[in-house]
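*Asks:* Once you've had a glance at the structure underneath, I'll fire off some questions.
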Amino acid sequence: MTTANTTGTTMLAEGVRAEAAIDLAALNSNLAALRERTPSADLMAVVKADGYGHGALPCALEALAAGVRWIGTATPDEALALRAAGIGPEQARILCWLWTPGGPWARALRDRLDISISGQWALDELLAAVRETGVPARVHLKADTGLGRNGCQPRDWPDLVDAARRAEAAGELRVVGIWSHFACADEPGHPSIQAQLDAFAVALAYAERAGLRPEVRHIANSPATLLLPGSHYDLVRTGLAMYGVSPVPEVGTPADFGLRPVMSLSARLALVKQLPGGHGVSYGHKYITPGETTVGLVPLGYADGIPRHASSAGPVQIAGKWYTVAGRVAMDQFVVDLGGDTPAVGEEVLLFGNGERGEPTAEDWARASDTIAYEIVTRIGARVPRRYFGASHG
Ligand SMILES: *Cc1c(COP(=O)(O)O)cnc(C)c1O
């Protein structure tokens, strides 16, 4: 999986169709930059969805090498996979928060995962597994302070807290965390931010009165970590920022926040050819060559995570020059109009990277596809091999 290579982010090896180069040294330096912003809070490395497309295990290992002791995933299966890969309870607390009926609660208890509980049904299933396994649970109670997604509504909070407190008194679990999640932390000044902080304070105060003594209170994601120091509490949960992508592109670039993009996506030109004027390009002929021109074939498509919405919009860089996707992005390939230029077949096509060579960024692709950069990096498909370099853990 990991090949040591420090020669750079964009040197495609011979015979490689395309690759996502993952700069673990950048990840490490991003973690250091984020920790500098949160001197009094711990940092959780969020590696859900295969590390936002960067690879959950290598990124988790690099985070551990950088001194991080909390890892976050969405599903329990993602967390269990990290334990199975050898990240033990003495190395990292792993919190997972997206539970569905059936768990797997018992496996989570045996693997010493930290378990988020948002409602009574989940607490009931968890306690049944505690009795079955004899392993007490480590629980983070999640409050819905206004996101309106997962988490316990204020009206149900007292009952959930009281039930958890009773189970704690019975030795069945320990409430180690109280937490919540923002709706609009990426929109500075949005009124929901203060409202959620107020609701979180109320939820914490009730838990305290009920006798809970959590080790960590946490609500901040990447945008809150960068923009809302008052929200950091004891722990911040950073995903996107850790991967060097700006969660608030209207406010600042990665560099503005001291972050370096971790993923660079490139491919090799598969064909360069002349097309006459008036020639349709790709499915539906949504692009017609305005005159005699040259086109290049890029062997990446929506099966690789290139958004079909980037048709006739996505930017690439070839031999130092930017070009735009011409016509539809297909499943496996797309075309760029080279405007008469004739780069060599096999030339490297840089879709996005850290910008050091003047290439487009994931944020540029997000704009071209009318989406967010989270989606761009996370959806890079399994067919694109990842090449890791710069790891500090060898
Ligand atoms: C994904 C996620 C995060 C990380 O969000 P970023 O904006 O990528 O930092 C934090 N908390 C929860 C609950 C999440 O689902």
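Placed from the backbone N, Cα and C atoms, the Cβ positions cover glycine too.
What TrEMBL shows for this protein is this:
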- Lys48: N6-(pyridoxal phosphate)lysine (MOD_RES)
- Lys48: active site, proton acceptor (ACT_SITE)
- Arg149, Met331: substrate binding site (BINDING)
- 262-389: domain 'Alanine racemase C-terminal' (DOMAIN)
- Tyr283: active site, proton acceptor (ACT_SITE)
*Asks:* Tell me the Cβ contacts of Arg149 (substrate binding site) under 8 Å, same chain only and six or more apart in sequence, or just say none.
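*Replies:* In sequence order, His181 meet the Cβ cut-off.
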*Asks:* Cα-Cα, whole number of Å: Lys48 (N6-(pyridoxal phosphate)lysine) versus Tyr283 (active site, proton acceptor)?
*Replies:* 34
*Asks:* What number of additional C-beta atoms lies within 10 angstroms of the C-beta atom of Met331 (substrate binding site)?
*Replies:* 12
*Asks:* Compile a sequence-ordered list of residues in the same chain as Tyr283 (active site, proton acceptor), six or more apart from it, whose Cβ lies below 8 A from its Cβ; state 'none' when nothing qualifies.
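*Replies:* In sequence order, Gly327, Arg328, Ala330 meet the Cβ cut-off.
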*Asks:* Count the Cβ atoms, other than its own, that fall within 10 Å of the Cβ of Lys48 (N6-(pyridoxal phosphate)lysine), considering every protein chain shown.
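*Replies:* A 10 Å sphere around the Cβ of Lys48 (N6-(pyridoxal phosphate)lysine) contains 19 other Cβ atoms.
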*Asks:* If you average the pLDDT over the domain 'Alanine racemase C-terminal' (262-389), what number do you get?
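*Replies:* 97, rounded to a whole number.
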*Asks:* I'd like the per-state residue tally for the domain 'Alanine racemase C-terminal' (262-389) from DSSP, helix first, then strand, then coil.
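*Replies:* Its residues divide into 22 helix, 44 strand, 62 coil.
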